[in-house]
Amino acid sequence: MKQYTIALNMFDEMRQSGTPVNEYTLNIVINCYCLLNRVDFGFAIFGNFFKHCYQPNVATFTTLIKGLFLDHKAIEAEKLFKKLLTLELCELNEVMILTVINGLCKAGHTLTAYDLLVLFDKTSCKPDVYSYTTVIDSLCKDRMVDEALQLLAKMIDKGISPNIVTYNSMLQGLCNFGRWKDAKDLITEIVDRKVSLNVITFNILVDAFCKEGMIKEAEDVVEIMMQRNISPDVVTYTSLIDGYSLVGKIDKARQVFYSMLGRGLKPSIFSYNSLINGYCKNGRVEEAWCLFLEIPHKGLGYNVVTYNIMLHGLFRTSRFAEGLKLFKDMQAPQLTPNLVTYNTILKGLCMNKQIAEAFSFLHVMEDKGVNPNINIQYTHPWIVHGWKT
């Protein structure tokens, strides 16, 4: 951010010294303000175009639209874009179209972005593969997988060839909903269209199979990866660790973890979380604890999920004193406990008949501004159960 401020200070010096500016200068200044989340100042500078009889171009309007999206003003950005279309204030290009489509999708206005693609069919504006990919990805994330499939078919009909990013987004959407036949058909289409599969494609499949407990299918995918000379990465191994843990094969999960190390790959915090979770779910809390203590020595930092997993393991085995100490420790590095953290501790205390401590902990939550009534149907039944037993 500092460089933008320096540029703006230089612009002020230019104005004070009477140094003339041109359209290019003004575009740079507008961009600086927009990137500093001061799109209002950007529009103020925009007025200088008319003051100096300059003509704003597509870069000017693209920057302002991007600034509105960065300032969480998606509706205003959409209105400005439609005004440009209606009044033909500038000739649109693929960069502007993608800026609008991407901004709308990120702001949760996926259907508006979809409608714009339909609108472009009636104009000379031609969205590219990146715009279509953005909308397909957003539709899948919004659980509108059928609409995404239709849009994929539509872009192909228009002669726009999907790339592997497009297909990966579509594949992720299908796998998320267990639509294995459609996913298989999509893979066939990718191969038939001679689009090269990448490690992300395979990781999507491995992760999806592992989450469904279909570990044999996941292993088959990894084998195909190897045959295609695509090396599994940390994400691949982490998914396998999750999968083996899910089906109770914790020793196999550990083997995968150390196999990853043997291949020179550095496990991520997610890799550690997966294996620790596997140990805890299989009642091997001491091994989970040893792995937990190893994390800082590997140059990694704990996240709230790491603590939540370990807390659950400790309370599950009635080690509530250690659990409460761990809860205090997690706040030292400025990690903020979330609702899962609090519910884990409350449930653990109640299941261990530590009811007084549970109520004391509720007061701690209140002191920290956490509303104990959040998820009341999950938290309070444990306390009621604790009183009854």
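Each Cβ is built from the backbone N, Cα and C atoms, and glycine gets one as well.
Feature annotation from TrEMBL assigns repeat 'PPR' to 128-162, 163-197, 198-232, 233-267, 268-302, 303-337, 338-372.
Sequence-distant contacts of the repeat 'PPR' (303-337) (same chain, six or more residues past either end, CB-CB distance under 8 Å): 269, 272-273, 276-277, 279-280, 283, 285, 288-289, 292, 295, 344-345, 347-349, 351-352, 354, 357. The list of residues near the repeat 'PPR' (268-302) in space but at least 6 beyond its ends in sequence, with Cβ under 8 angstroms from a Cβ of it, reads 234, 237-238, 241-242, 244-245, 248, 250, 253-254, 257, 260, 309-310, 312-314, 316-317, 319, 330, 333, 335. Listed by sequence, the residues of this chain that lie at least six past the ends of the repeat 'PPR' (163-197) yet keep a Cβ under 8 A from its Cβ atoms are 129, 132-133, 136-137, 139-141, 143, 145, 148-149, 152, 155, 204-205, 207-208, 212, 228, 230.
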